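Annotated features in Swiss-Prot:
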| type | residues | note |
| --- | --- | --- |
| REGION | 1-21 | region 'Disordered' |
| COMPBIAS | 9-21 | compositional bias 'Basic and acidic residues' |
| DOMAIN | 61-137 | domain '2Fe-2S ferredoxin-type' |
| BINDING | Cys99, Cys104, Gly105, Cys107, Cys119 | [2Fe-2S] cluster 1 binding site |
| BINDING | Cys158, Cys161, Cys208, Cys210 | [2Fe-2S] cluster 2 binding site |
Amino acid sequence: MSNQGEYPEDNRVGKHEPHDLSLTRRDLIKVSAATAAAAVVYPHSTLAASVPAATPAPEIMPLTLKVNGKTEQLEVDTRTTLLDALRENLHLIGTKKGCDHGQCGACTVLVNGRRLNACLTLAVMHQGAEITTIEGLGSPDNLHPMQAAFIKHDGFQCGYCTSGQICSSVAVLKEIQDGIPSHVTVDLVSPPERTADEIRERMSGNICRCGAYANILAAIEDAAGEIKS
């Protein structure tokens with residue numbers, strides 16, 4: 001009769017089966033030989049060559065712009081947008097960075113008289129161009145008629161989009177005056193008329209998150225009578 005508390009032979013503490021992953025001396029020699037062979041097939045120089053090269057330094061270009069009537073000489077990274085050149089290099093921060101994807105119009109400026117989203121174009125593409133920002137339209141003592149109309153009709157709330165709205169509004173009236181049609185122009189032979197629908201369509205690329213659209217339209221219609229060709 002077995003003593004109480006005595007375990008069977010195969011279940012005694014410390015009794016284990018050999019580990020399946022045990023490494024013998026023969027296996028160790030095989031692994032060492034394989035490692036040495038790999039070093040011959042893939043020498044250090046080949047492995048080093050596969051490491052990506054360091055990022056090259058940015059290309060810098062001289063750039064001449066005529067901004068708000070003043071000639072500016074810059075040296076910019078060729079990847080710099082016109083928006084960043086105006087804000088970071090020339091410190092003209094009236095032009096706002098909104099979406100930075102050309103979808104809100106907050107960065108609208110006038111380039112050679114035409115409106116442009118400054119975040120969508122590279123500065124070096126405008127060598128020698130004449131650029132007008134909100135700072136160049138008027139001054140606190142001598143407001144542009146469009147600036148005065150926006151104030152008169154409360155064409156803004158938070159004001160973040162206002163510089164782009166005003167620059168775009170000035171260009172819209174010039175487009176209509178020059179006979180450039182829009183998507184809602186009915187008669188493509190005759191010059192387009194300055195209707196509310198025409199203005200709304202042409203201003204649709206400028207987003208006002210505060211929703212001051214009715215007042216913006218009123219401001220544009222008011223200023224149109226004062227802006228001369």
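Note that Cβ sites are derived from N, Cα and C of the backbone, with glycine treated the same way.
Where Swiss-Prot records a feature, it is marked here on the structure.
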residue: Cys99; record: [2Fe-2S] cluster 1 binding site; contacts (Cβ under 8 Å, 6+ apart): Ala106, Cys119
residue: Cys104; record: [2Fe-2S] cluster 1 binding site; contacts (Cβ under 8 Å, 6+ apart): Gly98, Cys161, Gly164, Asn206, Ile207
residue: Gly105; record: [2Fe-2S] cluster 1 binding site; contacts (Cβ under 8 Å, 6+ apart): Gly98, Asn117, Cys161, Gly164, Gln165, Ser168, Gly205, Asn206, Ile207
residue: Cys107; record: [2Fe-2S] cluster 1 binding site; contacts (Cβ under 8 Å, 6+ apart): Leu83, Thr95, Lys96, Lys97, Gly98, Asp100, Asn117, Ala118, Cys119, Gly164
residue: Cys158; record: [2Fe-2S] cluster 2 binding site; contacts (Cβ under 8 Å, 6+ apart): Arg209, Cys210
residue: Cys208; record: [2Fe-2S] cluster 2 binding site; contacts (Cβ under 8 Å, 6+ apart): Phe156, Gln157, Cys161, Gln165, Ile216
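Candidate binding-site residues: Cys119, Cys161, Cys210. Fewest other C-beta atoms within 10 angstroms, Cys210.
In the three-state DSSP scheme, Cys119 ([2Fe-2S] cluster 1 binding site) is classed as helix. Same-chain residues that are not part of Cys158, Cys161, Cys208, Cys210 yet have a Cβ within 8 Å of the Cβ center of the [2Fe-2S] cluster 2 site turn out to be Phe156, Gln157, Gly159, Tyr160, Thr162, Ile207, Arg209, Gly211, Ala212.
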